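Enquirer: The structure's right below; bear with me while I get my questions together.
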């Protein structure tokens, strides 16, 4: 078993702009979201991270009042979404870029949305300009590429000049230029003091965009805190060890409190650096064939973490010792 | 008013309402032209005969109305709608109202176009609208289309899928009602209360608008025991109850 992650860290702050408490969504016998509590602060980009199927989109839909939670509660600035007056002026969201009528022009798509929240029609042209769709404003959205649809979705999120923005996997299917653009946009929006909550299944993407992270796996909260902290912990060091006296060495390492994982004649040791392992091997009289420190890649670490949530889910009783 | 404007923008910024309006007009007037154009002594042109084809347009209207909802589910814009207007009752009532008003207008255009075309085809026939029954038979097509559209919107909200909603509506409209009367003993009693049979009663009443033409030479008369006024109220009531059920379900379900 890989090194265990410390139990979820929930900082004590109360009063985030988005506040979820015990949020739960059950579809038949599956728990898509399981007693999820987190908060999102203004003026920062908060990443909502988890593998596909972890419950990110379901959570986003519950924030927007589209899906009803089975239990628990989520509020925006202390209010339920459905109690917001002209909600698009408070919360803008891009959940799914494909949500448009293919026969309707980009401009008309934005026109009806603007009208529904009494947003002046000139704002439609403004956001079209902002996302660079002015030249195709009168074209039917059915012929748009994925990148153009993402831009249209962002335009509709920005229509009401909202202080809270939700983006669900906004970079999916975009080219590098588009990804760069969205990253800059989100950071600029946060710098203006807005609350930006963006989901992704890629830690590497979030590590470049988000200052804070809410990480979930199998609908459960794994981590909430700063991105920096998360990466530090996620990529902590392990050492690969091969030796003909594997069993003795393993016993010695375990006795010293290191976390050891054996796989096909190789030990992966964490909680002890290579110097200490080398000395211990010498003291034990074990010959070393390999002693290589490695820093896990972000994605690898992330998979281990979320994979662990799965193991927890299955009722693994293994204790979770602090390893850093 | 805002919500009505929203639904108006949505409806008219796609092409399907225009195509449906044209289809309703062409099918209905085309059928009328065949009925009235081929009139003779045995089958004289009457006010009622100018409207025999109204159920053609009715079917098209119900397709239009169902699509107005189901395409929103198909393309996800219903979620955008509920996101913009979290009060689902208000949003769906606005949509229903706009679709019903459009259907009313299409119904009047179709009915008077059929009647006017008949005047041209049979100038010497007595097609003047000189009784309440005559007027209801022509002008009543609009309200019937409107409430049929409400039913179709309700079915669209409940079923969500275009193909499912449309087949349900058309099969019901074309087959189920008339098949009910084939059930021995109780069939006729049930049929008396089937909504489209009752709607037909509103339009044709006791057959006064078909005066001069033998009943067996016309479209089958409605078997409803209601007066035309109550018949319309009953038809509207069925539509509104269905809409109420649909909206209650949309409020509870995940979008």
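Any Cβ shown, glycine's included, is placed from N, Cα and C.
So TrEMBL lists the following for this protein:
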| type | residues | note |
| --- | --- | --- |
| TRANSMEM | B:18-39 | transmembrane segment |
| TRANSMEM | B:51-71 | transmembrane segment |
| TRANSMEM | B:92-115 | transmembrane segment |
| TRANSMEM | B:135-159 | transmembrane segment |
| TRANSMEM | B:166-187 | transmembrane segment |
| TRANSMEM | B:230-250 | transmembrane segment |
Enquirer: In terms of Cβ proximity under 8 Å, which residues at least six beyond the ends of the transmembrane segment (B:18-39) contact it?
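Expert: Those are 45, 49-54, 56-57, 60-61, 63-64, 67, 102, 106, 109-110, 113-114, 117-118, 121-122, 125, in sequence order.
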Enquirer: Do the transmembrane segment (B:230-250) and the transmembrane segment (B:135-159) share at least 3 Cβ pairs closer than 8 Å, excluding pairs fewer than 6 residues apart in sequence?
Expert: yes
Enquirer: Quick one: find which recorded stretch in B:51-71, B:135-159, B:166-187 has the most Cβ pairs under 8 Å with the transmembrane segment (B:92-115).
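Expert: Out of the listed stretches, B:135-159 contacts the transmembrane segment (B:92-115) most.
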Enquirer: State the residues, same chain only, that lie 6 or more residues beyond the ends of the transmembrane segment (B:135-159) and have a CB under 8 A from a CB inside it; answer 'none' if no residue qualifies.
Expert: 47-48, 50-51, 54, 57-58, 61-70, 92, 95-96, 99-108, 110-112, 115, 129, 165, 168-169, 195-196, 199, 202-205, 209, 228, 232, 235-236, 238-240, 242-243, 245-247, 249-250
Enquirer: Take the transmembrane segment (B:166-187) and find every residue of the same chain, 6 or more past its ends, with a Cβ under 8 Å from one of its Cβ atoms.
Expert: 55, 58-59, 62-63, 66-67, 70, 151-152, 155, 159, 194-197, 223
